[in-house]
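According to Swiss-Prot, the feature compositional bias 'Polar residues' maps to 682-692. Taken from Swiss-Prot, the feature domain 'F-box' covers 152-198, and the record attributes it to sequence analysis. According to Swiss-Prot, the feature region 'Disordered' maps to 682-703. Residues or ranges marked as repeat 'LRR 1' in Swiss-Prot: 230-254. Per Swiss-Prot, the feature repeat 'LRR 2' maps to 255-280. Per Swiss-Prot, the feature repeat 'LRR 3' maps to 281-305. Per Swiss-Prot, the feature repeat 'LRR 4' maps to 306-333. Residues or ranges marked as repeat 'LRR 5' in Swiss-Prot: 334-359. Annotation source Swiss-Prot lists repeat 'LRR 6' at 360-385. Per Swiss-Prot, repeat 'LRR 7' is recorded for 386-406. Annotated repeat 'LRR 8' per Swiss-Prot: 410-435, in sequence order. Residues or ranges marked as repeat 'LRR 13' in Swiss-Prot: 539-563. Marked as repeat 'LRR 14' by Swiss-Prot: 564-589. Marked as repeat 'LRR 15' by Swiss-Prot: 590-615. The repeat 'LRR 17' annotation in Swiss-Prot covers 642-667.
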Amino acid sequence: MTPELMIKACSFYTGHLVKTHFCTWRDIARTNENVVLAEKMNRAVTCYNFRLQKSVFHHWHSYMEDQKEKLKNILLRIQQIIYCHKLTIILTKWRNTARHKSKKKEDELILKHELQLKKWKNRLILKRAAAEESNFPERSSSEVFLVDETLKCDISLLPERAILQIFFYLSLKDVIICGQVNHAWMLMTQLNSLWNAIDFSSVKNVIPDKYIVSTLQRWRLNVLRLNFRGCLLRPKTFRSVSHCRNLQELNVSDCPTFTDESMRHISEGCPGVLCLNLSNTTITNRTMRLLPRHFHNLQNLSLAYCRRFTDKGLQYLNLGNGCHKLIYLDLSGCTQISVQGFRYIANSCTGIMHLTINDMPTLTDNCVKALVEKCSRITSLVFTGAPHISDCTFRALSACKLRKIRFEGNKRVTDASFKFIDKNYPNLSHIYMADCKGITDSSLRSLSPLKQLTVLNLANCVRIGDMGLKQFLDGPASMRIRELNLSNCVRLSDASVMKLSERCPNLNYLSLRNCEHLTAQGIGYIVNIFSLVSIDLSGTDISNEGLNVLSRHKKLKELSVSECYRITDDGIQAFCKSSLILEHLDVSYCSQLSDMIIKALAIYCINLTSLSIAGCPKITDSAMEMLSAKCHYLHILDISGCVLLTDQILEDLQIGCKQLRILKMQYCTNISKKAAQRMSSKVQQQEYNTNDPPRWFGYDREGNPVTELDNITSSKGALELTVKKSTYSSEDQAA
């Protein structure tokens, strides 16, 4: 073999080997790409499947979560339904039990009422039988048992303090009667402390002068307070007062026989007098000269309606030691006093704190300016019946620290006066601005910052509306307000009452008389004033529904719904059932009411002290018999216009209502004059006549409704009566 062939063979072999290995390498690379691609495809398929599974699982998971939430809500709802069902069962049982107990209690009250009424009638029968037996025949065994079962109580065994407290509740006439029972009772009525204060005005028509003189002579060292108001006494009797050396208070108002000479004797013998009431007497300048000479410690002086003294008499007050300790002064009705007279008062009585000047049309701004120049301590001011007082008076009073102010029936007082009040009298607690037509909502806005205000009387201020009251209640004054009189403020509506329930937590007395826009919704807001004890809704549109809502209050003691023609017996009965503590009720001029309301009062409201059913012609003797049998604490009763009542009710009242003090029975055509005269000796004040009821009552002397033609003039008369009755608030009347 040649080298060339070897080289050629080697080259061929090498080429073949390279070709073989290259093809093999190429095939291997292709195989690797397919494997990688297959792996990638597998991974892609796996990833795709995972993402698909993840998406499906997410939807499934969301679905399952929703199902779980729905199931949870369903279970909660089922639990709530079961709980509400249990509550419903419990409340149903409680309601049935409460109704059963209420029904049982009501039945017990009715049964007790019937038993007491039966006992009352038996007592009346025995009493009348005893009155008819003039020879006092032997009693039956039952009557003897009734008498003998009475428990004996000897009050003379009580401590002296307790005995005094018992006798303090009695009038002078009752004390004298008690002293005539026996020797032990006479000794109890001779306690010295019992004769510190003697009120002869309550027995002015009973006790003659000689007994008054002997009483004063016997107790001359113990007497501290004497009241002769309205007594028609001889001058000698007044002179006996001078023996009471320790006398501190003397009231001789309305005594026509009291003269300057009587005053001279008293002033010489009683130098320690602190309070002196000379109102409506015939005193002159001579008495005025005696006051500073003898009464050096005089603090309270009333010269109301004494028109015989002059400015010169007021000048005498500065003589000697003067009346510089005078704190209270009443000059009501003294129209003879001029501006100079008020200057004399300012010079003599610089310490005056309480000033009352009523019924004085001659009072002007200059009079007040002259007075307050030196009397800067005035805190209480009363000007009623002074039409010439204007805003200038408030400007002049800016130097005084007023706490109580009262104006009434003044047309010259405007909103400007209240701007002075806001700036100068931050401590005002009582504001009476009744029947001041110039007052608007702006005035209430000025009063809102008064933090000490407790009493606000804006009766007959017809220009006041919801907006003004809202602005007032939004201020700090609403938090302490205790009494609010908005009678005849006809622009007020339910919005004002809603604001009252939100902002007045301490409101006790509220008058919304003749607020005609008040509805049942407003009555619902009144229930939310939890501190309320007295409400006047007379002349409003209240119905039985409103009374049912009002009965939920539970704490009302006084309710007035006079001239409310939509209420019936059912409404009053529903209210009485829930108002067991009711003390005052006025349903006068609600002619649709009958005996049923009196029965409800006798059953549920036995603590009643004041009742007015004037203008209710359907009330009969049987109703008053029930009232007398149950309501033994009745003090004030107005049955004027109850034309069906007879003399029988007066006998019942004398037996059952022994605490009756004021009785009004005008237009009672079936009550005789003789019976009324007998009754007058049992009460302190009585009004009686047998005239036919006025036409605006709406019925005749037999209780039959009058025709529309006869009732044309009724609205005017009723309005005048309503305006007159609604002027004063409860606290003002008490004062």
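Quick reminder: no glycine exception, Cβ is built from N, Cα and C everywhere.
Not measured: the values here are computed from a predicted model.
Tertiary proximity for the repeat 'LRR 3' (281-305) is limited to same-chain residues at least six positions away from its ends with a CB under 8 Å from its CB atoms, namely 252-256, 258-260, 263-264, 267-268, 271-275, 312-314, 316-323, 325-334, 348, 356, 358-359.
Over the repeat 'LRR 2' (255-280) the predicted model carries a mean pLDDT of 93. Tertiary neighbourhood of the repeat 'LRR 6' (360-385): same-chain residues 331-335, 337-340, 342-343, 345-347, 349-354, 392-393, 396-397, 399-410, selected by CB-CB distance under 8 Å and a gap of 6+ residues from either end. Secondary structure of the repeat 'LRR 1' (230-254) per DSSP (helix as H, G, I; strand as E, B; remaining residues coil): 9 helix, 3 strand, 13 coil.
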